[in-house]
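Have a look at the structure below before the remarks.
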Amino acid sequence: MKVIYISIAIVIIDQLTKIFVKGFSIPFLNFNFDGMYYGQSIPIIGDFFRLTYIENPGMAFGFDPGDGFKLAISLFSLVASVGLLIYLYAIRNKSLSLRIAIAFILGGAVGNLIDRTFYGVLFGYAPLFYGRVVDFFDFDFFNFTLFGRSYDRWPIFNIADAAVSIGVLILILFYKKHEEEKEIENSFVTATVDSASANPIISDELTSAETVINTAEETNEQTDNRKEISN
């Protein structure tokens, strides 16, 4: 379960970057950090990469399903995050690539879940589970249409979104390859055993070797029993 630290790191980095963009205050310390104002866009690499502060009211790509579905989305995200955590524990002995992929997806899911669950209450604009997700990574991209909306830039996203995408990419590229290699290896072992069984000489040698091993184990067991009796 050490890969859980990947999820924890993603959540921490995601929330720190969102707080930096959104701003925060600590009243009892009389400290206030303004962050960026809503809609502000700061060029990092010309017009190709900018930090642009927006808040996603609903699902991915800025799709707003309306207030009636926001609670359902938040609760679904909560259930999905718990399910991913349980699944990550269940596959603790599986391949590393699978565990890393799920850890990335879990970290991203929890990062955005925090926004949806608590940001409305913390920043005083909505009740629990009705918060908006903070997005800020803004990349230039070719023109395309998605969900009936036209885009001339890639939809603005955050660290959590990127983590989920990376996790899915790892699943597609590495875990599938690992499973294919494992299947080939199992086929090779099966073919080797079948070939050995079909060959009388090799089959006899395997049987003899097994007999020697069993005899040695019985001898060791008898010796141990004599020592216990003599003691």
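Including glycine, each Cβ sits where the backbone N, Cα and C put it.
Annotation comment: TrEMBL describes 69-89 (among others) as transmembrane segment. The list of residues near the transmembrane segment (69-89) in space but at least 6 beyond its ends in sequence, with Cβ under 8 angstroms from a Cβ of it, reads 1, 3-4, 7, 57-59, 99, 102-103, 105-106, 109-110, 112-113, 116-117, 129-131.
Here TrEMBL flags 96-114 (among others) as transmembrane segment. Packing against the transmembrane segment (96-114) from elsewhere in the chain are residues 3-4, 6-11, 14-15, 74, 77-78, 80-81, 84-85, 87-88, 133, 158-168, 170-171, 174-175, 178: each is 6 or more residues past its ends and has a CB under 8 Å from a CB in it.
In this structure, Asp135 (active site) is part of a beta strand by DSSP. Around Asp135 (active site), the C-beta neighbours below 8 angstroms that are at least 6 residues distant in the chain are Tyr53, Ile54, Glu55, Asn56, Ile156, Phe157, Asn158, Asp161. The active site annotation in TrEMBL covers Asp135 (among others).
The transmembrane segment feature in TrEMBL is assigned to 156-175 (among others).
As annotated by TrEMBL, active site applies to Asp161 (among others). In the shown protein chains, 21 other C-beta atoms lie within 10 A of the C-beta of Asp161 (active site).
Under the three-state DSSP scheme, Asp161 (active site) falls in the helix class.
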